[in-house]
Amino acid sequence: MHYLKQFTVIIAISAISELLAIFIPLPIPASIYGMTLLFLLLMTGVLKLNQVESAANLLLGIMPALFVVSGAGLITSYEQIAENFASWVAVNIGSTIVILATTGLLAQGLIRRKIAKGDVADAE
């Protein structure tokens, strides 16, 4: 029963995010709306972490299995991928570098901010 309640909350948030994606005329995927909604609900205290934590951990545990179908789709599309392989690799490497650099700079900025406030113990 514990998991059922938590999955119901997660599915409800997912359904609301699907509706938002339909009714808001922006090219934003429903999953982004869902993650934002979940984040806001958790940050405001409307939703407590223990109300979704066990189900979320279960989903994270089986996440690799959820990518099997996508991997099979890549295998069946080999010819199309082979034609654009160089550009595909370049885009993936480039975006990875941008994400790593952005994450590093953001982390450095947050650490500097903590040090400036005097929270040196937390910054280390």
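Using N, Cα and C of the backbone, Cβ positions are placed for all residues, glycine too.
The transmembrane segment annotation in TrEMBL covers 7-26 (among others). Within the chain carrying the transmembrane segment (7-26), a Cβ under 8 angstroms from the stretch's Cβ atoms is held by residues 32-34, 37-38, 41, 47, 51-52, 55-56, 59, all 6 or more beyond its ends.
Here the transmembrane segment (32-49) has long-range neighbours at 9-10, 13-14, 16-17, 20-21, 24, meaning same-chain residues at least 6 beyond its ends whose C-beta is under 8 angstroms from one of its own. Taken from TrEMBL, the feature transmembrane segment applies to 32-49 (among others).
According to TrEMBL, the transmembrane segment annotation covers 56-75 (among others). Within the chain carrying the transmembrane segment (56-75), a Cβ under 8 angstroms from the stretch's Cβ atoms is held by residues 3, 6, 10, 81, all 6 or more beyond its ends.
Residues annotated as transmembrane segment in TrEMBL: 87-107 (among others). Residues 81 of the same chain lie 6+ residues outside the transmembrane segment (87-107) yet bring a C-beta within less than 8 angstroms of a C-beta in it.
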